[in-house]
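**Student:** Please read through the structure below; I'll follow up with questions.
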Amino acid sequence: MRSNIVSEAGLSTRFKQWWEGIPFLTSVVVAVCSVIYLVCLLVGYDSFVEVCFLPSAVISKFQVYRVFTSVLFHGSILHLVFNMMALVPLGTELERVMGSIRLLYMIVLLATTSAIFHLLITLIAAFNPVYSYYHFMDECAIGFSGVLFSMIVIETSLSGVQSRSVFGLFNVPAKLYPWMLLVLFQLLMTNISLLGHLCGILSGFAYTYGLFNFIIPGSSFFSGIESASWLSTCVRRPKYIMCTGGDPSGYIPTYRNTTSSETMAGNMWTNLSSWMPRREVLSQSTEENSRFPGRGRTLGTPQTVTGPTNGSDSGLQARLLESGNSPVHPSSQEAIDAGQQRNNRRQPGIEARSAATLGAPLSQERVPSDEEIQKLLAMGFDKTQVEVAIAAADGDLNVAVEILMTQQG
């Protein structure tokens with residue numbers, strides 16, 4: 001009897017510790033989906049055709065609410081448990097990087113864009129002149145798995161790994177990992193929405209490659225929401241993570257490993273995206289970029305500072321502003337002032353290290369490798385600006401990233 005009490009107490013303690021380790025928004029999504037399923041179970045509600053994503057109803061009756069109700073409802077207890085257990089690690093990592101309110105925006109964006117892809121593919125399949133697959137119009141999709149596939153694509157792309165393990169059985173290239181999961185789930189499980197998962201993957205790749213950048217607000221937008229009085233109760237929660245970054249243990253690299261062909265495609269998209277309106281990005285730190293804002297691992301390795309002075313920093317800023325493609329933005333001037341204050345605070349330490357390395361030859365100065373330059377290009381920066389920033393930063397990639405972010409703001 002005593003051992004049973006101890007084991008029950010230990011189990012409840014472990015569950016409490018596990019639950020407290022889940023960030024605010026991820027735990028809210030898990031709780032909301034679980035409560036909705038429990039209420040449906042208690043009241044005997046099983047008419048999911050009224051809340052699922054049904055293309056024919058969305059198009060003919062303009063029932064747009066199905067885009068979001070279909071994400072929150074689940075058809076069975078196994079369906080709910082499987083999706084929520086997959087959401088916890090994915091949501092935890094992304095929320096620590098992006099922040100709670102930014103992750104909420106991303107989930108809404110992914111759910112909406114997945115639904116748009118779903119509608120487009122359904123219409124093409126149903127009304128193409130070759131062969132009509134009209135039954136797709138009456139396919140009822142429900143569950144959070146579409147958004148989960150989008151999050152899998154984003155996390156895999158940001159992780160920087162070359163291969164991923166599929167259920168611990170075998171490894172596949174990281175780029176094929178979401179597609180392998182799509183095929184396996186379709187073969188091993190019944191009543192699986194192929195279009196729902198496929199459109200989630202497409203939405204995730206679109207987000208990863210920056211196709212949604214023009215509709216993603218900057219950090220100032222999310223900071224303004226977090227400072228609102230109506231959200232103060234949530235912000236004060238201990239598990240809430242501000243959009244400027246959170247737990248440093250949740251680092252995910254903010255770049256993708258690329259080949260030459262990928263770099264060429266990225267440069268082509270950069271040229272095309274120059275015609276689109278850009279979102280405002282404040283230079284919060286050297287660990288942010290405009291595509292996946294938040295905290296991440298810094299590029300390069302720690303280096304010995306060779307003693308830059310305030311005068312050289314001012315000249316550097318002047319040269320970069322002259323070589324830029326746009327006039328000085330107020331957020332850029334704020335970033336320059338902040339950098340000037342940081343330089344003033346660390347000036348004594350720099351002078352001491354400069355005296356220690358005064359006799360070092362100039363040939364020992366670190367030159368960035370082509371791979372590191374390609375990483376900066378893959379983040380969406382222009383090649384000319386990257387070269388100017390690296391030259392002006394004396395080869396320090398961290399300073400170069402901060403300079404590029406300041407210009408892009």
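Just so it is clear, glycine is given a Cβ too, placed from its N, Cα and C backbone atoms.
What you see is a predicted model, and the numbers here were worked out from it, not measured in a lab.
As listed in TrEMBL for this protein:
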type: COMPBIAS; residues: 300-315; note: compositional bias 'Polar residues'
type: COMPBIAS; residues: 323-334; note: compositional bias 'Polar residues'
type: DOMAIN; residues: 368-407; note: domain 'UBA'
type: REGION; residues: 283-347; note: region 'Disordered'
type: TRANSMEM; residues: 21-45; note: transmembrane segment
type: TRANSMEM; residues: 65-91; note: transmembrane segment
type: TRANSMEM; residues: 103-127; note: transmembrane segment
type: TRANSMEM; residues: 133-154; note: transmembrane segment
type: TRANSMEM; residues: 166-188; note: transmembrane segment
type: TRANSMEM; residues: 194-216; note: transmembrane segment
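What's the neighbourhood like for these features in this structure?
**Tutor:** Long-range contacts of the transmembrane segment (166-188) within the same chain: residues 149, 152-153, 156-157, 159, 194, 197-198, 201, 204, each at least 6 residues beyond the stretch ends and with a Cβ under 8 Å from a Cβ of the stretch.
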**Student:** Using a Cβ-Cβ cut-off of under 8 Å, list the residues of the same chain that are 6+ residues beyond the ends of the transmembrane segment (133-154) and lie near it.
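**Tutor:** Sequence-remote neighbours of the transmembrane segment (133-154) are 29, 33, 48-49, 51-56, 59, 70-75, 79, 83-84, 86-87, 90-91, 94, 107, 110-111, 114, 118, 121-122, 125-126, 177-178, 181-182, 193, 195-197, 199-201, 203-205, 207-208.
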**Student:** Quick check on the domain 'UBA' (368-407): DSSP residue counts for helix, strand, coil, in that order please.
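**Tutor:** The counts are 30 helix, 0 strand, 10 coil.
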